[in-house]
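If you check TrEMBL, you get these features:
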- 40-58: transmembrane segment (TRANSMEM)
- 95-113: transmembrane segment (TRANSMEM)
- 119-144: transmembrane segment (TRANSMEM)
- 151-174: transmembrane segment (TRANSMEM)
- 180-201: transmembrane segment (TRANSMEM)
- 208-228: transmembrane segment (TRANSMEM)
Amino acid sequence: MFYSSMNLVLSSPLEQFEVVNFISISAPILGYLNLSLTNLGLYSILVLFLILSLHILGNNENKLVPSYWSLPLESSYASVHSMVKSQIGIANEQYLPFIYSLFFFILISNLVSNVPYNYALTTSLIVSLGLSITIWIGVTILGLYKHRVHFFSFFIPSGTPGILVPLLVLIEFISYVARAFSLGVRLFANLVAGHTLLKILSGLLTKLFTSGVIFFILTLVPFSIFVALCGLEIAVSIIQSYVWCILTCSYLKDAIDLH
């Protein structure tokens, strides 16, 4: 996220979401192969490094007393485990590692984006929709593997009159396909809206702070509101990762139990 109260350059609020090349290497000998490192790729590596580092530091296998690093991780694991257990069921806890990894990837990506001048990885449609569509395809394959042809009964609600079956099948099918995009669009829209708002407000506050002593004093009130909005954006980052995992558990539950 590129918002900052010290930003003196007027620019579009949407520039912070652009994918920028840092390094680009062309190799004509290898058939005009082009290798590029963008901010999208760099922050994907950074998020992976942060997740691994947190779990290495929080490793408490050889100690009786938990460390400051292990306590938050154990609490996060307990919360995700409780969510998976309540949403999917005790018999299907084999999906816990996947949900836990997904939770931390989205959480760390969102939190990193709240640091000024950092790129918001989850505001990229490639990332958000890519994750969403991949999960939808995986859940569909899981449902077909477990139930074979009976999986298609998911599109026919029980007790439906025969005359309404074609219409309801169409509605249920459209609703099911929409799942492939709803997860990604929800995450993308929430973060883009919040980051854009903070970018616009930070530009306005910068101009007010530099307009004189009187304006500087008067601007302290809206600046306190801006700080509160920053805190709200951090809360949204955490909530969105939790909501994403709950909905993923719900999709898994539907694929496993159908009705």
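Just so it is clear, glycine is given a Cβ too, placed from its N, Cα and C backbone atoms.
TrEMBL annotations: computationally assigned, not manually curated.
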Note: vs the transmembrane segment (208-228), the recorded stretch with the largest number of Cβ pairs under 8 Å from 40-58, 119-144, 151-174, 180-201 is 180-201
Positions whose Cβ lies under 8 angstroms from the transmembrane segment (40-58), at least six residues beyond its ends:
19, 22, 67, 69-70, 72-74, 104-105, 108-109, 112, 118-119, 121, 124, 126-127
Would you mind listing the long-range same-chain contacts of the transmembrane segment (151-174), meaning Cβ under 8 Å and 6+ residues beyond its ends?
143-144, 254-255, 258-259
